[in-house]
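A.B. asks: According to TrEMBL, the record shows the following:
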- 225-240: compositional bias 'Low complexity' (COMPBIAS)
- 95-104: disulfide bond (DISULFID)
- 323-332: disulfide bond (DISULFID)
- 539-548: disulfide bond (DISULFID)
- 791-800: disulfide bond (DISULFID)
- 807-817: disulfide bond (DISULFID)
- 828-837: disulfide bond (DISULFID)
- 866-875: disulfide bond (DISULFID)
- 923-932: disulfide bond (DISULFID)
- 961-970: disulfide bond (DISULFID)
- 21-63: domain 'EGF-like' (DOMAIN)
- 65-105: domain 'EGF-like' (DOMAIN)
- 107-294: domain 'Laminin G' (DOMAIN)
- 296-333: domain 'EGF-like' (DOMAIN)
- 339-511: domain 'Laminin G' (DOMAIN)
- 513-549: domain 'EGF-like' (DOMAIN)
- 577-763: domain 'Laminin G' (DOMAIN)
- 765-801: domain 'EGF-like' (DOMAIN)
- 803-838: domain 'EGF-like' (DOMAIN)
- 840-876: domain 'EGF-like' (DOMAIN)
- 895-933: domain 'EGF-like' (DOMAIN)
- 935-971: domain 'EGF-like' (DOMAIN)
- 218-240: region 'Disordered' (REGION)
- 1-18: signal peptide (SIGNAL)
């Protein structure tokens, strides 16, 4: 029995224990800040979402570390949240604003940087629910359509007006009538993010606005029915209860009716469904100028302005382009169309009517391109006269006002390039500008531009009137303007203010060139290439010039190898020297009959050792010219013209020295009938010989006269022995080669021709060194018809036939000569070296003088001349600086004496004089050294006592003492004296003050106290 009772007790205790286990949260099974929730017969742990020491936990009891976010792929700043499900670690991504998707990869931000829209077709299935749209937007523009929703006949619009949000409802068939309107007060065009919610619920519009960025209040507004409208008129605000299609425009609509939204949109939801371009609901949406993302970057950084236009930033996502002429348009993308005048030499012009109110200020500007130096550009005319003309004259722009005042440019414009030309009339003055550079201005009488005047471009209808100002213009005109109004020959797409065109006669579009190569202008086989209104010739290698008209004859190698080819006017010359000996033939020349130039000069080159000989001779009747060598001098005899005196000119210097000489015979006044003649030898004008009388030119040489060169003909005496170089008469060569002796004939019209004689080409003297004239091993040197023997040492004479004293010529420059076998030896004086003692030893090379010192050269030694701040033999000891409080005494300028002889000279410094002892100076007291270059430092013995400063002077010193010392060497203590002087000074000051006080008291007015008492 007692056993049964025992089991009952045991079972009762077990039941109690089980009851406690079922309430398990009491045992706190949840770890790491997890919260326990007790369930019937169990419990659940809700793990903390806050990290514990940087770690989140999960699991049944929140004891298992959550590692799902390790290596997670949340992008764009998404926040990773790990979790544990069925024992597997996973994670989710919480996306920031502007992104969506499991990994936050899909951006929900898009923007409109220019006019555009996003069109999405949707279906409305739950017609009982409210119509709801939420989005965030950002803009700085005060007007624009954010969205427009078309559901059957309802048109819901959210737009910006004057920087405020406006939500309206209209009938699609009656867009001008607003059924409901909601306006949220407050500026939202501030460039910050704003979040709005637009809804239609219970027939009423609602609009909620929140500011996402910055500090701004939130607003919630509900629409009221317009005045005079009842609920029955508006209806419920819902479409019929079935599936209804709806059309959604974001950012604007098709057509030009609505103002487009410029800015950014983010997190766009329609009935809680996300709308992203190209994704989901908007996968097949129509997109126009939609850009993903929202950029804060300055749009000018993208360089939107074309053709060098200047981008001007006008705030966030806005800019404008400042265009350079001749470009126009929002992005400077359009160029004003150029007009071609005078195409293929046609007579063309255009005219425009002036439609402005009368004005005395006229600003004409245009771009001009031409190659013609003349042509009429512009004419402004009224019913009675032409009061302004602009034309080209020799390539320069000319402006004429009222047929009187004329202004011309400095530069030219006929170079085939575009040039901007401006004419400005203002305040009775006209100014001309070329390529933005002022060409001047002049005063004028007033002109008046008024309605009905006509501007003619390129010429006038009257051909003769155009010819008076250079004829019709040939070239191109672009971007013609009067002030700010354009004159368009062919209109561009951009709308601009323009004058009305009256006529356009033979003016073509563009700026095409004439075909200048249609008639080949290139000569001598040149190939023509057309360039704008001009041509270029590709010339063969042997030609030059614009039209290949100049032949480079010398590149064709027309001359024999012994001659040198030189270009000549319209041809070439073969230049060579010729040799004349006793048995040489005389060369004969005649004119070819085509010489037209006056013959007023003769030039020749010669080389000879002969004392006499004929160079040139010609005669016709009483006229003649003879150039010869007479007694080694050049002699000219001449008589030109009938009845003129006979001239004789002889050179001042001889020419028979075996060297080349250049002689020029020139008529001083070549245009006169008679003139003196001048003979210039080797270009020495100062030594020129001038004839005493005047004579005429030598034109008789044109008339079939024989010109003899090198002699007077067969059997005559006085032949030239020597060489002649080029011989010219008035620039026409007397050629040594005939056309049969050259590879090409000379093409010149004016020529002298060789008619007889066989020249010996080159310059050759007699072989004076064969047989060898020099004896005893001497070397023979050919000096042209003369020789020189270079003898071995110890030998001399014209042929080295004599023994000579090698020291007789005193070869040693600074030394004594000693005769040696087959030579000599120089014993040099001190300070010189070299084989001939010609080199002075540089004793200053590698000197040790201090910085700033000058090395003085002596015989075998040097000295140092010190600057003022150094002393010592090598100027390496510094002289103490004079304190600032000591007065500076200017250092005297002492004279310098120049001494020495031809072999060695030197200077005595610091007042020193030349000494009778060679190479030394007599110094004044205070200076020493061979050249008195050293100043004796009298302060070296430190003579100043009691900290006195020693100043080194010439041959003495000066002590500058401290305040309490005096004497020549600061040896006297005067401190008690200064104390006495100090007390005496203050005693006098006290007496002076006492005197002044007494005087003030004596001068004060007396006061009658008794009178005041009464």
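The backbone N, Cα and C atoms fix where each Cβ goes, and this holds for glycine too.
Just so you know, TrEMBL annotations never went through curation; they're auto-generated.
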A.B. asks: How many of the residues that make up the domain 'EGF-like' (21-63) does DSSP mark as helix, as strand and as coil?
C.D. replies: 6 helix, 12 strand, 25 coil
A.B. asks: Excluding the flanking five residues on each side, which residues at least 6 beyond the ends of the domain 'EGF-like' (895-933) place their CB within less than 8 Å of a CB in that stretch?
C.D. replies: 814, 829, 831, 856-859, 861, 863-866, 954-956
A.B. asks: Please identify, among the disulfide-bonded residues 323, 923, 970, the one with the smallest Cα-Cα distance to residue 791 (disulfide bond).
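C.D. replies: Among 323, 923, 970, 923.
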A.B. asks: State the non-local partners of the domain 'EGF-like' (935-971) in its own chain: residues 6+ outside its ends, Cβ under 8 Å from one of its Cβ atoms.
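C.D. replies: Those are 866, 871, 879, 882-883, 886, 889, 892, 910, 924-928, 978, in sequence order.
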A.B. asks: Counting Cβ pairs closer than 8 Å, which of 339-511, 577-763, 840-876 has the most of them with the domain 'EGF-like' (296-333)?
C.D. replies: 339-511
A.B. asks: Could you give me the DSSP helix, strand and coil counts for the domain 'EGF-like' (840-876)?
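C.D. replies: Counting residues by DSSP class gives 0 helix, 11 strand, 26 coil.
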A.B. asks: Mind checking which of 539, 807 has the fewest other CB atoms within 10 A of its CB? They're the disulfide-bonded residues.
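C.D. replies: Result for the disulfide-bonded residues 539, 807: minimum number of other Cβ atoms within 10 Å at 807.
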A.B. asks: Highest Cβ count within 10 Å among the disulfide-bonded residues 95, 875, 932: which residue is it?
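C.D. replies: It comes out as 932.
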A.B. asks: Per DSSP, what is the residue count of the domain 'EGF-like' (65-105) in each of helix, strand and coil?
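C.D. replies: For the domain 'EGF-like' (65-105), the helix, strand and coil counts are 0 helix, 17 strand, 24 coil.
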A.B. asks: Average pLDDT across the domain 'Laminin G' (577-763)?
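C.D. replies: 92, rounded to a whole number.
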A.B. asks: Are there residues of the same chain, six or more positions away from residue 828 (disulfide bond), whose CB falls under 8 angstroms from its CB, and which are they?
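C.D. replies: Those within reach of residue 828 (disulfide bond), by Cβ under 8 Å and sequence separation of 6 or more, are 812, 814, 815, 834, 837.
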